[in-house]
Amino acid sequence: MVGVTPMASSIGFSLFSSLRLSSSSPLSAPRLCLSFTPSRRVALSHLGSIVLQSQNFGLSASRTLRGDSNVSASSAQGDVAQASTADQESLLDWVKKDNRRMLHVVYRVGDLDRTIKFYTECLGMKLLRKRDIPEERYTNAFLGYGPEDSQFVVELTYNYGVDKYDIGTGFGHFGIAVEDVAKTVELIKAKGGKVTREPGPVKGGSTVIAFIEDPDGYKFELLERGPTPEPLCQVMLRVGDLDRSINFYEKAFGMELLRKRDNPEYKYTIAMMGYGPEDKNAVLELTYNYGVSEYEKGNAYAQIAVGTNDVYRTAEAIKLYGGKVTREPGPLPGINTKITVCLDPDGWKTVFVDNLDFLKELE
């Protein structure tokens, strides 16, 4: 990364995440800001002290959590011991019935206009909205294949003066479903895009795929499928213990294990987790590489946002099943939108947002 020292991460999501660098110091935590009204911007700009977590970019997931691992493990065990079996079963049942959906994924880019051009011209996305906050020295852009209130979208963040980020080794790729992979690849090549894997059947299967890179080096897997309501269909993250991760996402997040595939020839196993079938919903692809327990997180990828009917019960479930809540549930200062922020066992961050509050903020 150029001209930026490792910094603490911030909360962010499609309504008000800035995920930007502080203009006052490269070591300062990024702050949040709304573009809706000045009063909301002011209220959110003070969130740094509330949501700050000791996750330094560039450190491995396990190293990030190493200092807290004993405390977190003891805390989680204590929570489980104190909760009665009936309470645990009730909470687990609620999590499964909660109305949850992956809302968007947040990450940083070095040239916003260049990335928007690539996503719209090569990947067929639409620019849904864009906001510039000069006093906070950042710009956001929201892109996707449909409206934010019903589809999974990307939130791009450009921090003034920062043209490069470290993607790390933990983040894998995004997945996009297209009807003709070969045709899409030819278009991307014609636009000067980088193809890292030519179209062809996936190893050990029949689905036609290809891999490309965007201008910042983020990888996209193109998957050949028929028409789908959710073209932006995957986020792949690498984890150090797949069974642990599956258990956490099933119980704490209420996701379903859609499928699991072991590839001993290539020494990796994947698990597809989500809130509905892969052909109709965005899913989380967890990848375990044999013998690898930790990865470099970098400072480019930020987090996924998930909708929920109750951020308070969500936080309870996260604590109960081994996650770490880094921002206790409640309304953001100055507004009524309720959120909670957590880390999974590998240190991947997720922001849970109250469903009704999310829709109100989009109005």
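Cβ from N, Cα, C; glycine included.
If you look up TrEMBL, you'll see 101-225, 231-355 marked as domain 'VOC'. Sequence annotations record features per position, and here TrEMBL assigns Zn(2+) binding site to E155, H173, E221. Per TrEMBL, active site, proton donor/acceptor is recorded for E221.
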Query: Under 8 Å Cβ-Cβ from H173 (Zn(2+) binding site), six or more apart in the same chain: what's there?
result: F211, Y218, K219, F220, E221, Q234, M236
- request: Just give the helix, strand and coil counts over the domain 'VOC' (231-355), going by DSSP.
  value: 21 helix, 58 strand, 46 coil
- prompt: If you count the other Cβ atoms within 10 Å of each Cβ, which of the binding-site residues E155, E221 comes out on top?
  reply: E155
- prompt: Which value does the mean pLDDT take for the domain 'VOC' (101-225) in this predicted structure?
  reply: 96
